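Reading through the structure tokens given below for one structure.
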Amino acid sequence: MTPNWSELVAAADPALVLPSGERRAEVAVPGPLRLDALLDLGEGHAVGVVRSADAARWTVPLVRDGAGGVRRSRPGDGTAEHLVAALARRGATPDAAFVLEAFTGAAPVTGERGIIVDQTNESVIVGECAVVKWAVRLPAEGEPGSPAAQRIAALARGGFTEMPRPWGLLTLAEGAQPVLLASVVAYLPGALDGWDWAVDDVRRLARGELTMDQALLPAAQLGTLTARMHAALAARGRTPATAADVAAWGVRMREELDEAVASVPGAEGERLKAWAPRIADVYAELDALAGTPLIDVHGDFHVGQILRADGRYAVVDFDGNPVLPADQRAARQPAALDVVGMTASLDHVGRVVVFRTPDVDPAPVRAWIAAAQRSFLDAYRTTLARLDADDLFDDRLLTPLRYAQEVREYLYAVRHLPHWVYVPDLSLTDLLPERLKD
């Protein structure tokens, strides 16, 4: 008698839940495993929601092996192909625990290869046409999952096209917010993210290979993209920030500032320590901002989330800020959060160019930083007004949120990349009015 999927999963090595890209030697998964739910894709392929002995839950693309067992599907095995084929059929899933939502354009394609990058999720390119992204670790029952499914669906329904065209979503029907198991979007061959294309553009500007107008055009295009994204996301609704919301922002920002002051070493730390009381005073301005509109936002918005291919721009990764708890990633936020994320990253592109380019003239780069941020904001405001959505954006949040973003850059440097400390140090040096530096 052939063992069923549940029996095969229970007998498998607990490392079954880990993708090959994850450092298996450093991640101990306790067994035995238990199969909570299974979507059978046919021909020995399935998607399982698997629970380890510590109650952690995992999305596992499964394939039966030649020895009568089961293993995690690898790129080339065909499980991602079978998921895309299921989307193309647009049929209901045989198990009510799963929701398979197909958008326009899903079609059966063949051929798989993995994307070799360090990421939380596992991605497979199918037929050089689509990218299947498997969510690896799932939230505990009752906890909110990734907001990506709802945000991608809202953008697709709202006619937002500045993202890789969504083919479909696989979710687990659980509670008020479905849990995302896999997303399928169009593959953009040759696409570069902003830490490549934007740095290259500004470097070419500094070398005289681009005019200032040419180098500023992407910033304006990103401003338009961001406004269209926010207008589409806001169609899901908006809520006013309460006094408690605003107070919580201030508490979190002051805690981060205190941590940065205590942990940033050297001359950069001394400068931050001197600036900290003035930055905290700016944070106090938040107290007057109860009532500002909150909407679904991207949540981790910077140039690295913007792909450029064939002169077009596409925003990716709607999972929210990975360092935040799931409930905060899913919560509505001010539109200014995304605006600040992008304007700060435009600034940081310029800092990187000056730091990494020998003999570069910093003057045109610094001029580009200021002009690019203005171009972005002007296009953003103009597009919101054209969409009758200018009430989404409260520009009183720009300064406190921007200071908070640079403080988080200090913390990122301390925790992960020590040399990065030059970026927020230079940014705040230019950002802070002279009166705040005294």
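Glycine is treated like the rest: Cβ placed from N, Cα and C.
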Range annotated as motif 'Substrate specificity determinant motif' in Swiss-Prot, from 101-116, 293-308, 389-404, 405-420:
405-420
I'd like to confirm something. Which of the binding-site residues, Asp300, Asp319, Glu409, has a Cα closest to the Cα of Tyr187 (ATP binding site)?
Asp319
Greatest C-beta neighbour count within 10 angstroms, which of the binding-site residues Ala186, Leu188:
Leu188
Roughly how many angstrom lie between the C-alpha atoms of Asp300 (D-glucosamine binding site) and Asp317 (Mg(2+) 1 binding site)?
8
Can you count helix, strand and coil residues in the motif 'Substrate specificity determinant motif' (405-420) using DSSP?
14 helix, 0 strand, 2 coil
